[in-house]
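These notes are about the structure you will find just below.
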Amino acid sequence: MDRFLVKGAQGGLLRKQEEQEPTGEEPAVLGGDKESTRKRPRREAPGNGGHSAGPSWRHIRAEGLDCSYTVLFGKAEADEIFQELEKEVEYFTGALARVQVFGKWHSVPRKQATYGDAGLTYTFSGLTLSPKPWIPVLERIRDHVSGVTGQTFNFVLINRYKDGCDHIGEHRDDERELAPGSPIASVSFGACRDFVFRHKDSRGKSPSRRVAVVRLPLAHGSLLMMNHPTNTHWYHSLPVRKKVLAPRVNLTFRKILLTKK
């Protein structure tokens, strides 16, 4: 499930690249670029069908990119949930907290954990594993997300960033275990961090074309819905931000297919 880690674990190269914008591209910031982002507060859920009552959504659109953003939890509730996550989530240790790149082992620049329904399996750094059973705080978040979106989720990947030096490199959530066409719900608690989308055709030193980067600051208690076909056309990352000193916990809720035996 974390095949993307291979690209992000080579010394300090990733950090240097993530702190720079590609030459000739102007980043589109949420609410700033009229063509790449559109602020449309609505009382409806993103995805399949509407919801009679719920938060106001900002819809982010670009070529092949379809996302919806809202602040799902007020500060007091978000603070409470964040403290529960800090106490209750059990993160990977040992070999599961490292990744092998070209025969060498590297520490993952963040903490990770997975929880989900019984019977599920997933691929993580070349290993096929089963998630831990749901705990109350995760069920609380999952059920609230489902209530406002109309979507169901059976798995969550949790990433904890101790400060702005922890990061994740450019990747796409395109693992074979994901239900085709299903959205991914990204919920954030703690420090606000920039979330960066880059089109697959505009990556590298010699991109085939120029497509504006889309950057979204993900606030404490926020929800970002990444709808199909976003992960087909766009890579995303959480770049290094050295001025950020506080921790952040991000949960990406997914719908995983049950492996046939």
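Each residue, glycine too, has its Cβ placed from N, Cα and C.
Marked as region 'Disordered' by Swiss-Prot: 1-57.
According to Swiss-Prot, the motif 'PCNA-binding' annotation covers 3-7, on the basis of experimental evidence.
Of all the Cβ atoms in the protein chains shown, 10 others lie within 10 Å of the Cβ of Lys104 (substrate binding site). Under DSSP, Lys104 (substrate binding site) is assigned to a strand (E or B) in the three-state scheme. Swiss-Prot lists Phe102, Gly103, Lys104, Tyr122, Thr123, Phe124, Asp174 with the feature substrate binding site, giving experimental evidence as the kind of evidence.
Here the domain 'Fe2OG dioxygenase' (152-257) returns a mean pLDDT of 93 for the predicted model. Annotation source Swiss-Prot lists domain 'Fe2OG dioxygenase' at 152-257, citing sequence analysis.
Every protein chain considered, the tally of other Cβ atoms within 10 Å of the Cβ of Tyr161 (2-oxoglutarate binding site) stands at 24. Under the heading 2-oxoglutarate binding site, Swiss-Prot lists Asn159, Tyr161, His171, His236, Arg248, Thr252, Arg254.
Taken from Swiss-Prot, the feature Fe cation binding site covers His171, Asp173, His236, and the record attributes it to experimental evidence. Following the DSSP three-state reduction, the secondary structure of Asp173 (Fe cation binding site) is coil. Around the Cβ of Asp173 (Fe cation binding site), a 10 Å sphere holds 17 further Cβ atoms from the protein chains shown.
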*Nearest to Thr252 (2-oxoglutarate binding site) by Cα, among Phe102, Gly103, Thr123, Asp173, Asp174 (binding-site residues)?*
Asp173
*Phe102 (substrate binding site) to His171 (2-oxoglutarate binding site): how many Å between their Cα atoms?*
18
*Over the residue list Asn159, Tyr161, His171, His236, Arg248, Thr252, Arg254, recorded for 2-oxoglutarate, what is the maximum interresidue Cα distance in Å?*
20
*To the nearest whole angstrom, what is the C-alpha distance linking Asn159 (2-oxoglutarate binding site) and Thr123 (substrate binding site)?*
16
*Please work out which residue of Thr123, Asn159, Thr252 has the most C-beta neighbours within 10 angstroms of its C-beta, and give that one of the binding-site residues.*
Asn159
